[in-house]
């Protein structure tokens, strides 16, 4: 690797930068190709670097998740990989529309009210016409009102039919949207299950090597490798992973950075 903070440049498999004004965040960002004032020329980080490429006293590690990433860094694939890809593809193509029947339902109610009101108006005017005829009175004005009311009533019934059709279409769209949401939830659940199974399978493939790494650590470790502290776990996983890029090491577990690089079989940037 080659480190350049703008004032000092250092290169080698091991770079001790404890005497430089270099933050861990900037160093990690530079290694992972994020914008920073510091530059670190090194190979592209592998899949495990995000999990165990930055080892410091406050690190938190999910051992089996980190082991799965380490397995991927070494080119291992899980038997679930093809199915995971299929589910991811189906999810990417799945469209879940937003659908609501509220406006259409309100329109049906409004049109139904109009029909009821106009029906009553037509009945009332018919009654008045009949009453006027029985008295041999003039009916022209009332009959004109009746004809207009019948025309409005007919138009209102047509509008009600259209509103009901729109409501049926909206209901069908809402049903399709609900089915799509349920399908998405089902696929997301399947994907989560497959991913868990894949992580477990990948982690199982490196468990023995991880146990051995913990056992040969040059500091005291518990008998159960899955009960070790997070720093020990991270370093043991880093040892069995193909990190490619340098490990940013900000903890005291090794006599010196060169010893750390030898034990990890990786380049080390000591901070």
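Glycine is treated like the rest: Cβ placed from N, Cα and C.
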Query raised in the report: Quick one: which of 142-169, 170-197, 198-225 does TrEMBL have down as coiled coil?
Result: 170-197
Query raised in the report: For the coiled coil (170-197), what's the model's average pLDDT?
Result: 95
